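Annotated in TrEMBL:
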SIGNAL    1-18  signal peptide
DOMAIN    73-368  domain 'Peptidase A1'
ACT_SITE  Asp91  active site
DISULFID  Cys104-Cys109  disulfide bond
DISULFID  Cys250-Cys254  disulfide bond
ACT_SITE  Asp259  active site
DISULFID  Cys293-Cys327  disulfide bond
Amino acid sequence: MKWPVLLGLVALLECIVKIPIKKKQALQEIFRVKILTKNFLQAKAYSLSDNSGLYQSFSSHPQRNILNMSMAYISNITTGTPPQQFQVIFDTNSSDLWVLPVYCPSSSCSTNSKFNPSQSSTFQDMRRTINLSFGSGRMSGYLGSDIVWAFGLSTNLSREAMEYGPYDGILGLAYPSFPTDGTSPVFDNLNNRRVISQPVFAFYLSSMVMFGGVDNSYFHRDLKWIPVIQPRYWQIMMNRVSMNGKIIACYHGCQAIVDTGSSLLIGPTDLVSSIQGHINPSPIRDSEQMMSCNDATNLPPVIFTIHCTDFPVSPKYYIQKISKSLCFSSFQGGTENMVPLETWILGDIFLRAYFSVFDQSKNRIGLAPAA
């Protein structure tokens, strides 16, 4: 495998490859939030026309502010000869790398950067079709190889997947049991070809992803190591979820997937509704997630106890501002059909609070308070 950007960084950083990441509106959440906003505005039009009280700033520019509440973290990669640049999400819940080609007919591709195979002297068409599903939708296309090894070129995306997302693809960082047959994940290629010194990557979601090692200056105290229960997803056991000393979910233990490709804290819908009741006893109209920012001021942390260690997530992270007066809880339902029945997804809301290390050789995740 060749990856000129990474190889250049290795020489400078002694085998810890650091790649800047930045915030963008979240791939999974933008479509959902747009629909939520549209429905909310239509249902409450009479309230939003009032120029006083809670809704004043929300009514003047609701679309702009509500879209700022859910973020994803992306970085630039290049592929092809000469290099073509794309913005991708680093996703620990998938294994494939895919980008959009120039001839993608889907309307969802219209606003993104696209790969042009005819302008790369090293591109090879592997003459295979692929179909992938991910949290926000699905894609179909075909397999090609270039200097980033084998990757997917999407010719069709579901409308909800990319219509509102200013990204060009996904770079999967899950275990290699998931990639399309005949491909190898980018991270495994880096490790197998000794571009990095050890099979470890880490996220400091404010600004950085690291490959091959850990920079201790990005976190406080010691890393707490948590075993991965099966080398597929980055999936772990969780003891409980509590608030104010009271267990509010995961009463008898449960499982959690640590996922950089998800924005929110996601769990079974009935348990999330119960948690929303603890967080937001006075919801605005019929939305259990929307609340007055004044009511969010004195909320306690939600504590995720994992491998017998408490990991508090303060309202600084799990409450997001839509406007000066209107706030939004970052819990969401939807995992009730997963196996086991109570599975949680600890997305970027959780990971912004904690520096996270993914150690593939020892099947473990390390967590420490982010600096």
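From the backbone N, Cα and C atoms, a Cβ is placed for every residue, glycine too.
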Problem set entry | Nearest recorded site to Asp91 (active site) by CA-CA distance, among recorded positions Cys104, Cys250, Asp259, Cys293, Cys327 | Asp259
Exercise. How many whole Å apart are the CA atoms of Cys293 (disulfide bond) and Cys104 (disulfide bond)?
Worked result: 43
Seminar exercise, completed: Neighbouring CB atoms within 10 angstroms of the CB of Cys254 (disulfide bond), all protein chains considered, total 21
Seminar exercise, completed: Here the disulfide-bonded residues are Cys104, Cys109, Cys250, Cys327, and the Cα closest to that of Asp259 (active site) is found at Cys250
For this session: Could you tell me the mean pLDDT over the domain 'Peptidase A1' (73-368), as a whole number?
Result: 87
Exercise. Out of Cys250, Cys254, Cys327, the disulfide-bonded residues in the record, which is closest to Cys104 (disulfide bond) when you go by Cα distance?
Worked result: Cys327
Seminar exercise, completed: Cys254 (disulfide bond) to Cys109 (disulfide bond), Cα to Cα, whole Å, comes out at 38
